[in-house]
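S.K.: Before anything else, here's the structure in question.
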Amino acid sequence: MLFKQAILVATTLTTLAVATPVVDVRRRTDPASSCSTGTLNCCNSSGTVEDKTIAGLLGILNIVVSDITALVGITCTPITVVGAGGTSCTSQTLCCDNNNFSGLITLGCIPININL
């Protein structure tokens, strides 16, 4: 019986380890007026992983980040066409490398200075 429990625990931990995303995003060096390597996003807020709120959210979502110095965008929506009618961003415009978390968290971001 103890052997079965040990196998169950080992299998569960292995599954969790494989399913937990590990993100390696380094500092972005794109100019602040272009977004050639990522996606343009309108984010409600942004900050670094040292920010307690962002660190807590990353922890709750089991998102492991390593050596990230770029900004993290929170609650972002993609901006598809710059200057098109109806497109506006009243919050923060960011260019982000990694949006694998349905817009809730975007990683590897830099601020973009454009008027939408």
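Residue numbering: from 1, along the chain as shown.
Quick reminder: no glycine exception, Cβ is built from N, Cα and C everywhere.
So Swiss-Prot has the following annotated:
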{"type": "SIGNAL", "residues": "1-19", "note": "signal peptide"}
{"type": "DISULFID", "residues": "Cys35-Cys95", "note": "disulfide bond"}
{"type": "DISULFID", "residues": "Cys42-Cys89", "note": "disulfide bond"}
{"type": "DISULFID", "residues": "Cys43-Cys76", "note": "disulfide bond"}
{"type": "CARBOHYD", "residues": "Asn44", "note": "N-linked glycosylation site"}
{"type": "DISULFID", "residues": "Cys96-Cys109", "note": "disulfide bond"}
{"type": "CARBOHYD", "residues": "Asn100", "note": "N-linked glycosylation site"}
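Just tell me what is around each of these and how deep it sits.
M.R.: Under the three-state DSSP scheme, Cys95 (disulfide bond) falls in the strand class.
Residues near Cys76 (disulfide bond) in space but far in sequence (CB under 8 A, at least 6 apart, same chain), listed by position: Asn41, Cys42, Cys43, Asn44, Leu94, Cys96, Asn99, Gly103, Thr106.
According to its DSSP assignment, Asn44 (N-linked glycosylation site) is in a strand.
Counting Cβ atoms from all protein chains shown, Cys96 (disulfide bond) has 28 others lying within 10 Å of its own Cβ.
When Cβ atoms from all protein chains are considered, those within 10 Å of Asn100 (N-linked glycosylation site) total 10, not counting its own.
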S.K.: Have a look at the disulfide-bonded residues (Cys89, Cys109) and report the one with the fewest Cβ neighbours inside 10 Å.
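M.R.: Taking Cys89, Cys109 as the disulfide-bonded residues, the minimal 10 Å Cβ count falls on Cys89.
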S.K.: Here's one to test understanding: among the recorded positions Cys35, Cys95, Asn100, Cys109, whose C-alpha is closest in space to the C-alpha of Cys89 (disulfide bond)?
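M.R.: Minimum Cα distance from Cys89 (disulfide bond) across Cys35, Cys95, Asn100, Cys109 lands on Cys95.
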